[in-house]
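What TrEMBL says about this one:
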REGION    1-40  region 'Disordered'
COMPBIAS  1-12  compositional bias 'Basic and acidic residues'
COMPBIAS  21-33  compositional bias 'Low complexity'
DOMAIN    65-167  domain 'Cadherin'
DOMAIN    168-296  domain 'Cadherin'
DOMAIN    297-413  domain 'Cadherin'
DOMAIN    424-539  domain 'Cadherin'
DOMAIN    540-658  domain 'Cadherin'
DOMAIN    659-766  domain 'Cadherin'
DOMAIN    767-876  domain 'Cadherin'
DOMAIN    872-974  domain 'Cadherin'
DOMAIN    975-1077  domain 'Cadherin'
DOMAIN    1080-1186  domain 'Cadherin'
DOMAIN    1187-1289  domain 'Cadherin'
Amino acid sequence: IPSGRKMGERRQQRGPPVGKSLLLPGRRGSPRGLPGGGGSAGAQRSLLRLFVHVWLWAASGSSAQLFNLSLSVDEGLPPDTLVGDIRAGLPAAQQQEGSGFFLSEDSDDSPLLDDFHVHPDTGIIRTARLLDRERRDYYSFVAATLLGAVVQVEIRVNDVNDHSPRFPRDSLQLNVSELTPPGTAFRLPGAHDPDAGLFSTQGYTLVQPSNLLQDPEGPFFQLRYGTPGLPPSPRSPGASSPLDPLDLVLLRRLDREAAAAHELQIEAWDGGRPRRTGRLRVELRVLDENDNPPVFEQGEYRAAVREDAPPGSEVCRVLATDRDLGPNGHVRYSVRARQVPGASSGGGPLGDAGYFAVEELSGVLRVLRPLDREAQAWHQLVVEARDGGAEPEVATVRVSVAVLDVNDNPPAVHLLFLTEGGAASVSEGAQPGDYVARVSVSDADGEPEKEEEATGQFGAGLGAGSISLSLEGGEGAFALRPGGPPGVFFLCVEGPLDRESRDLYELRLVATDAGSPPLSTEETLLLRVADLNDQPPVFSQERYRASVSEAAAPGTAVVWVSATDADEGGTDHASLRYTLVQLSAPCSPEALPTAECGPSFTIDPQSAVISTIRTLDREVQEAVELRVVAQDLGEPPLSATCLVSITVDDVNDNEPIFQRQVYNATLAEHAPVGHCFLEVKASDADAGLYGFVEYSIYDGFQSYEAPQAFRIDPHDGRICVSKDMDRERDPAIYDLLVKAKDGGGLSAQAFVRVELEDVNDNHPMFNPSTYVTSISAQTQPGAEIINVLATDRDSGVYGKVAYELVPGDLSSLFTIDSTTGIIYLTSTLSHLESTSLLLMVCARDGGGLTAVINADVTIHILQTILAPAEFERPKYTFSIYEDAPEDSPVGTVKASEPLNSSEPIFYRISSGNLDGKFSIHPWLGTIRTQKPLDHEAQPMVVLTVQAQLGSSPACSSTEVNITVIDVNDNPPVFLTASEEIRIPPSTPPGTALYLARAEDRDSGQNGRVRYALAGRRPSVFTIDGGLGVLSLGASLPGHVPQKHVLTLTAQDLGVPPRAALLVLTVVIEEQEQSPSLTFEHLVYQAEVSESVSPTTQILQTQARSLGPRRSASPPMYSLEPSLRSAAFGIRPHSGWIYLRRRLDYESTQTYHFRVFAWIPEDRLLQNVSTSVIVRVLDENDNSPTFLPDVLFLKVEESPVPQGVIGRVTAIDADSGKNGQLLYFLLSDGKFFKMNPNTGELISWVALDHEHQVHHEMTVLVTDRGSPPRNATMAVYVSVTDINDNRPFFPQYIHGKELRIKVLEGQPVNMLVTTVFAKDLDEGNNAELIYSVSSERSHRNSGVCLQCQRWRRQLSEQQNAILH
């Protein structure tokens, strides 16, 4: 049963089937015409019967006939075009049968019936519309005859060339670097052609424009498509084209400078006849690369400039061009810092490049720093032109600059002294015409004729023959005389010389050249007049008068005479020796034996003290006339005489009585020696000589030591100054004991307190005396630069310091606040190049005294747009208690960065922190303590803090004054823990007995001491709470002996207070036990130089008998056995104390011991004693010693000075001026300075490791003794390296191409060439890495050399080998 209806019928036809029937395969679902297919009920029943018959036929074993028919038709033919006949697929026998056909396709939406008309009776197939193979290229259906024959019909639509190849887009843009190597492929989208077979896309063609000239080097591009090695095959639906991928291949290098863009036409074509094509327009833009170096317009530049041309003057202009675009073509200029070897033979330490600079953009060469033709007449530099590429190309050119001479060198004056020893001195006995010195003058400028020959023009240089020399000063005592050769003169004596009227001449030699304008030089000569022994000694008095008690023991000092010599002090011409000549007969030989009629007095040959040598007898001789001869030690010696009248006084029995027990006086410091400021008075009831009182003075109430600063007139009690006193150096208060003694030896004592008043005796002193700072050249006027500080130890108006700038070359650019010491900028600095300015600041106090050493202020002006950080205040003042723990905050300084900067600020302490007691946070500026503080050792600390902005070399500074506040951490201290005094029982009430002295190192209320007696029991003793004077308050009890033990307290006024105790024992002696002897003085004192040799007699002690009875035998003497007296011995019969060994001031300054005296036949009586105080005078016998003796310092190189880099320390065992040290730098003053007071070594110019690695200098330390002693030490400073130099190839000019020729066919690793590079740094900074970049490959072939890469430490002789 056919599946469908008969062709041509619109409805199914009823009726029995004819012949055998076949069930045809239909479409998915029920075929139309079958039950359930949607037909009428009758048709369904007919088809059901037909289905039953077919099934019965198939079951009976019948087989259906199946035939195939293939048809084809071209696409695009008009409708109703004949396609074929279904009957052609049947056998010939069945083709004649006229039965119709049933089709397997029967639907209103069937593609077959939409595209073809099939005749139902004839089986003729025609097109129903235009066919499109690209829409559908194949149709298939089954047709069945009523006889059961089945024809399988296949219709194929044949393709025709009706489509052209088409690219996805019409145009395409490519960006290609001009350095892209040949062979690079750029993927292009392929063209699509819907046609099949030969009518599809068959290939591509690169269409060259017809107007393009034929390039002899060939085309730049070619097309590559398809997979190489695979034949083209028909494409299956969805498969990629065999022509894919389509690549545009670069054949040779592009050059943007020749052609910036390329426009290409890509044509795709199919295989039709005629063939169809499609085009793709490709626009290829060539991207610029830095492949062209700059080119100078000249091969070498020559220029000339005057040596006085100021910095910034234009010398010439260089010009280079670069063909590249954008940054690659922007040219910038620079001067090569490291010259090509052999380019210049005269460059100094700076090199030729250090004197010039080129403007980066314009190429204008300008003068960078002052030139000096005398130092270098030619400069040769290399100017680099560098483009702005990522890997810039560089070109160089040589510039030769000739320096033209001007008269810029003043004459030089050279002195050669012709005196003995070559010293700047002349004897005062020199005669007119005697030669003093040879003076020669010279000028560094050239001779005019030589200058004209060298430069072709007449210069201004002058030789020594054109220099005039004049002498100023000397008031006619000296004159200049020509010396024969040009420029040579002799300084000669012209008039008489007298050292005593003038011992120093200041002469000025002025040399002036004949230039235009003329230059001159002034040389100052200090000429000392050497002494001759032409002045005799002169006594201060023509006659001296004195008196001595007849009871005076032998050796008693009677009078001191004094003579002076106007010749030079310290020499033999002024050293005097004294002798004594007796004028009157000592006695009458008839009255006394000859043995007792000898001289009674002697004189010390050095001190001129006249003393007795035997017992005096007023009844035998009442007055003595002596002549004293003073003779100097010169050759020949000169002498003078004076008269001495000595009256022998009688003894007495009444003690002197002072009007007051305590005297108070004030005295201005530095009062002249001999000035008398106080007169004490004591009266004696005795008459005549017994009532004549002599006064003596002692240093302290209980020390019994003679004062050095005062003396007392023994006759009238006037206390006078005996040496210069300095309130800032010496004690401000002196406690003295005055003793009044009458002619019989009886004495009384009183207490004197002297307070010193301040005078203007101290010069201001800078600390530190050297300041270094850096500022930007853009700093505006009015900015604070630095704060200098000077202090004056005086008080009041004398201690107020005013500051002023010492006029100098550029001092007018600055001003200083006279009160604060702050230096301000008053003018712009933009016209100055990077340089260093030196200012000198003078300090003056309220009394008109100026600082001995002015402050040196070095200001480095830096050429940076970025201004330095600025402190909020020029001076900070903080205070902290001395007991503050370590790491305690003191205060915070703060600096502000300029508006155009976001760099961080770093703080550091640049000076004043010698002992490292303080630290500063580098970012926060907080100052903290690092070590314990001590107000007593250092009450004030002045620090200089610098602020640096990031890595900028410019910095600013401020002064930080830190006051260390005193706390009560020191108790009062007595000189001794216990003391004993002895008084007679007849001592009247009110008598001062003892002076308590306790010292407290604290200041203010913490250092004020109050005295008191411990215990509440009533006592006969009282004490002055402020002075510490212990007095007898009431009469002593009658029962003796008696001993009183008192406890004295000394308490300060601090909170809480601190105290000290002293146990004082007061012994009341029995009069009956008083010895029969008494010493002439309560205390003997002497001053002995430590240079005095052993066995020298230094002091004679004398004891005499008391009462009317005299002993028949003289007293005997001995020393107290103790360690303190071991250095001394005593003559037992005369009482002379002598040295057993040499004294040493550095080990012991004062010796205290006692001398005992007794009468041999009266041993039962108590012996007597006296105190002896020997003060050792220091001599300058110790040289300073460095600690250590050699100093090694390391400091990193830096573009800016670094200030204090170290400190040298020396000690001197001597004291006073002998131990005061000054430091001086004897060498290398170009890079370093030395603070003379602290020993700080200061770097004041920038250090460069490559310029000089090691600095060796000698430091001299000297004391202030007379003559001074000194020592030297070596200081070695190593400048450590930082990485501040680039490597360079010295054998090749930078930027020039290195060409190497290699024969083909050479083996691998064959040596091609050898290169080596240098790096002026050291260590890791000079470790080099060598490599060859592939970018240096050959442009045409693209072949590059293989480079072996290694690391190796290279010296200048080691090489790197390129393979």
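Note that Cβ sites are derived from N, Cα and C of the backbone, with glycine treated the same way.
If you look at the domain 'Cadherin' (1080-1186) against the domain 'Cadherin' (540-658), you find at least three C-beta pairs under 8 angstroms, all six or more positions apart, and that counts as contact. Mapped onto DSSP classes, the domain 'Cadherin' (540-658) shows 3 helix, 50 strand, 66 coil. Residue counts for the domain 'Cadherin' (1187-1289) under DSSP, split into helix (H, G, I), strand (E, B) and coil, are 4 helix, 50 strand, 49 coil. Sorting the domain 'Cadherin' (659-766) by DSSP state (H, G, I as helix; E, B as strand; all else coil) yields 4 helix, 51 strand, 53 coil.
Helix, strand and coil residue tallies for the domain 'Cadherin' (767-876), in that order: 7 helix, 50 strand, 53 coil [DSSP]. Taken as a whole, the domain 'Cadherin' (1187-1289) shows an average pLDDT of 87 in this prediction. Secondary structure counts, DSSP: the domain 'Cadherin' (424-539) has 11 helix, 49 strand, 56 coil.
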